Amino acid sequence: MSQATIDADSKPDPLGVGADHPDYLRADSGLRSWLLTKDHKRIALMFYVGVILFLGLGGTFALVLRTELLTPEQTFIDASTYNQMFTLHGITMVWLFMIPAIPTVFGNFVLPIMLGAKDLAFPRINLASFYVYVLSAIILLGAMLAGGADTGWTFYVPYSTTSPTAVTWMGIGIFVNGISSIMTSVNFIVTTHTMRAKGLSWHRMPLFVWASYATSIIILFATPVLGMSLVLLALDHAFGLSLFNPRYGGDPVLFQHLFWFYSHPAVYIMILPSFGVISEVVCSFSHNQPASYRAIAYSSLGIAFIGFFTWGHHMFVAGLSEFDAGVFGALSMFVAIFSAIKVFTWVATLRGGSISFATPMLYFLWFLFLFVFGGMTGVAVATQSLDVHWHDTYFVVAHFHFIMVGGTLTSFLAAAHYWFPKMFGRLYDERVGLLTSVAVFIGFVFTFLPQFLLGNGGMPRRYFTYPERYQWLNVLSTGGAWLLGAGLLLALGNLLIALKWGKRAGPNPWGSRSFEWITASPPSKHNFEETPEIERSAYDYTLSEEVARERAKAR
Amino acid sequence: MSAQRLVEQFESLEKQDHAARLAMWMFLGSETLLFGALFAVYAYYRGMYPDEFVQALHHNSVALGTTNTVVLITSSFTVALGVHFIRENKARLTAGLFVVSTLFGAVFLVVKGIEYAHHIHENALPSGMYTFIDKPPAGVVLGYTLYWFMTALHGLHVIAGMIMLAVVAVLCLKGRYGAHRNVAVENVGLYWHLVDVVWIFLWPLFYLTD
Amino acid sequence: MISAHVTTPKLVVSWLALLVLTFLSFGTSRLGLGEAELVIALAISVVKTLVVLFIFMHLVEQRFANRLIVILTFLFIVLLVTLTVADPLTRKTFPPRPDPAASPYP
């Protein structure tokens with residue numbers, strides 16, 4: 001295959017670039033070729049397996065929680081197990097699923113291809129990142145077996161320093177996990193700076209790259225602060241370092257400052273890659289260029305930046321000063337402006353496009369609903385006077401699940417379906433895909449919408465028992481959770497079946513113009529044998545009518 | 001020689017070197033935020049207990065602290081010279097300068113060790129072990145715990161930097177680096193300068209409290 | 001790419017400048033200026049850091065991307081410290097200092 005030129009007019013290669021080379025799945029064989037691979041696509045698949053396992057584990061914890069809350073009194077686990085369950089659910093979902101999910105799986109897989117590169121800048125660091133992730137998972141699982149944790153995922157002092165559970169090892173595990181994220185993010189930023197193909201200027205890059213870039217900046221600068229606060233906590237728990245101990249004049253509120261300096265931007269670490277996925281999906285399936293490329297690209301950077309200075313809204317009732325609370329409340333609302341810019345741009349992108357309703361597009365609609373709903377309640381919670389009423393109730397639980405699960409999980413699923421043909425060269429069953437997507441959405445809404453009502457009605461979070469008048473809402477929520485779990489399992493089953501029996505996908509089944517679709521499906525080991533020359537943007541749908549007509553014939 | 005070290009995913013050596021350098025700067029930025037969290041803790045408690053905090057730190061020896069500052073700045077200078085000379089292909093000179101810098105690092109650690117020994121002797125220890133003053137007022141212990149933690153963490157970075165400097169010095173003698181291959185030398189130099197920069201801030205915060 | 005070269009004389013001058021600044025910092029700390037002392041000392045430290053960054057670490061001759069990382073690092077540390085410290089210094093309703101009796105430790 002000679003050097004490929006990607007411009008506006010050329011007919012795409014019918015088999016995709018690199019189709020005359022063995023694809024990355026078959027290029028080498030044997031366990032060793034997987035475990036010691038430096039190929040970003042194989043590393044992405046190994047992350048995929050890990051991330052899905054932990055989604056399953058975290059989901060199981062969640063189902064145990066919800067089932068326990070079916071009845072007002074004890075249902076089937078005791079109170080201290082319940083405390084363990086919600087803590088482990090949080091830790092597993094946040095650090096082992098949501099933070100690594102989209103960057104390490106889909107970012108790793110498509111980011112170099114989108115840039116026309118053969119691999120990430122540092123393949124060895126990429127592999128090391130995977131093993132550091134595995135190490136952190138082993139430490140965390142070990143800590144779960146050796147006593148677990150009952151502090152909630154936020155590890156607030158002073159309780160966490162005296163808790164009899166394995167808090168020290170949880171802290172160490174999360175610290176190690178942070179090293180893995182930092183490695184991946186350094187790799188992404190350096191790759192974006194140095195490895196763009198000839199002709200691929202910053203404003204021609206796919207929007208997913210911008211989102212990954214913004215995410216990586218947050219990871220790079222916020223993770224060390226969390227690492228340090230957890231080291232201080234672990235040393236306190238193990239040796240009594242006592243930096244936050246009131247006995248010596250220490251202030252427990254300071255721990256919250258340090259914790260949320262990371263953990264609030266962590267929300268954007270989870271949601272920004274989702275924005276990237278959604279931008280790709282909405283353009284590919286409406287066969288239209290984004291209504292404003294720059295609005296989406298720059299608002300990612302804006303969120304990454306402003307997101308750093310909103311952490312105080314978690315601490316309105318913790319003893320934060322009035323001045324700080326005011327500053328943080330106002331800054332928090334700024335984030336809504338950038339998010340709204342994105343939402344409006346996505347919706348405007350649909351206008352005039354030729355829309356096809358495949359599963360990823362349906363997930364985009366669910367995302368839009370859940371994200372807007374969750375985001376608007378976020379603005380409400382950022383208002384101090386309202387937050388005093390809602391703080392530590394189920395309202396907050398529902399709010400952040402709408403954003404984090406509604407945002408991250410739906411876009412994770414959108415990405416899983418959207419890039420499935422590229423990753424494995426097969427098509428999944430579209431009808432089953434659409435059905436599972438509906439099940440996930442209905443399950444989700446039934447799980448978390450009642451929780452807004454519960455919280456507003458005054459039910460505190462993290463409580464083991466509750467008054468009987470809350471029961472009907474809790475039953476609805478538990479039923480929804482089971483449906484959500486079933487929907488996820490069915491979606492997974494659909495993709496697993498397609499892995500073996502799916503129809504062969506061409507290089508570009510969706511008619512997308514983004515660069516990863518130029519390669520063969522699945523791509524060859526080096527993606528492009530020669531670095532391609534790129535002469536158009538990733539959203540050049542000037543031929544949209546023809547493409548649409550061709551697609552109509554193919555389907 | 002230079003064609004061999006171009007790995008397949010890069011187009012040119014210049015880009016490959018730029019990538020390595022950029023990655024190092026990012027790693028240093030991340031490291032700085034690690035200390036940044038501790039600087040925030042310091043500022044928070046110093047703002048909360050202006051007098052007690054300073055009172056606790058006043059105990060530190062300004063003479064030893066200042067000696068260490070001069071030692072580290074000079075070691076940073078020799079490292080910078082070493083990086084300068086490797087670009088002119090004087091690998092042996094670079095190796096010599098890096099060895100000198102490593103020795104300066106050792107001097108720094110010895111001086112710090114003398115200080116620590118002194119503190120241990122006086123029971124000026126972190127958290128619950130602090131009995132230098134009987135019934136210390138709130139804030140005193142925090143100041144001393146932070147002093148120990150931040151200087152010890154910095155000390156660990158000094159040790160890591162010394163190991164890297166020594167390894168690069170040996171590799172320079174073996175002829176691994178030259179005018180066209182020196183990013184690793186440069187990056188190790190950058191790390192050592194970061195260690196210096198952190199100390200430039202630790203010194204006024206923990207020693208110049210009059 | 002390389003717009004300014006770091007030369008040996010420049011390195012020597014920077015080293016001497018750093019030593020002078022160190023003694024300047026030491027000298028002002030002996031004057032007994034109270035609160036202003038900390039500000040002056042930190043300002044001198046920032047100047048020293050800039051010398052190390054631009055000359056010793058060759059930032060003058062590097063690409064913008066590397067400078068951007070430095071700018072962001074500095075910015076994030078300043079904002080982390082300022083917004084955190086602003087909290088205890090501006091508390092009115094809540095107690096500005098924790099109560100030692102609230103210690104959970106035996």
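Including glycine, each Cβ sits where the backbone N, Cα and C put it.
Curation plays no part in TrEMBL annotations; they are all automatic predictions.
Copied over from TrEMBL, here are the features:
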- A:34-535: domain 'Cytochrome oxidase subunit I profile' (DOMAIN)
- A:43-65: transmembrane segment (TRANSMEM)
- A:85-115: transmembrane segment (TRANSMEM)
- A:127-146: transmembrane segment (TRANSMEM)
- A:166-190: transmembrane segment (TRANSMEM)
- A:210-239: transmembrane segment (TRANSMEM)
- A:259-283: transmembrane segment (TRANSMEM)
- A:295-313: transmembrane segment (TRANSMEM)
- A:325-350: transmembrane segment (TRANSMEM)
- A:362-382: transmembrane segment (TRANSMEM)
- A:394-420: transmembrane segment (TRANSMEM)
- A:432-452: transmembrane segment (TRANSMEM)
- A:472-497: transmembrane segment (TRANSMEM)
Worksheet, complete the sentence: With the cut-off at Cβ under 8 Å and a gap of six or more residues from its ends, the chain residues touching the transmembrane segment (A:259-283) are 94, 98-99, 101-103, 106-107, 154-156, 181, 206-212, 214-215, 218-219, 222-223, 225-226, 229, 289-290, 296, 300, 303-304, 307-308, 310-315, 342, 346, 349-350, 360-361, 363-364, 367, 400, 403-404, 407-408, 410-412, 414-415, 418, 512, 514, 539, 541
Worksheet item: Near the transmembrane segment (A:166-190), which same-chain residues lie under 8 Å Cβ to Cβ, leaving out any that are not at least 6 residues past its ends?
Response: 91, 95-96, 99-100, 103-104, 107-108, 111, 120-122, 125-126, 128-130, 132-133, 135-137, 139-140, 142-144, 146-149, 151, 155, 160, 212-213, 215-217, 219-220, 223-224, 226-227, 230-231, 233-234, 237-238, 269
Worksheet item: How about the transmembrane segment (A:210-239) and the transmembrane segment (A:127-146): at least 3 CB pairs under 8 Å, pairs 6 or more apart in sequence, or not?
Response: no
Worksheet item: the transmembrane segment (A:325-350): which same-chain residues, six or more beyond its ends, come within Cβ distance under 8 Å?
Response: 275, 278-279, 282-283, 286, 288-292, 295-296, 299-300, 302-303, 306-307, 309-313, 315-316, 364, 368, 371-372, 375-376, 378-379, 382-384
Response to the item:
Of the listed stretches A:85-115, A:394-420, A:432-452, the one with the highest count of C-beta pairs below 8 angstroms to the transmembrane segment (A:127-146) is A:85-115
Worksheet item: the transmembrane segment (A:472-497): which same-chain residues, six or more beyond its ends, come within Cβ distance under 8 Å?
Response: 52, 55, 59, 62-63, 66-67, 69-70, 413, 416-417, 420, 428-429, 432-433, 435-437, 439-440, 442-448, 450-451, 453-454, 457, 466
Worksheet item: What same-chain residues lie close to the transmembrane segment (A:394-420): Cβ under 8 Å, and 6 or more beyond its ends?
Response: 98, 101-102, 105-106, 109-110, 267, 270-271, 273-275, 277-278, 280-281, 284, 358-360, 363-364, 366-367, 370-371, 373-375, 377-378, 381, 426-428, 433, 437, 440-441, 444, 447-449, 451-452, 454-456, 459-461, 491, 495, 498, 510, 516
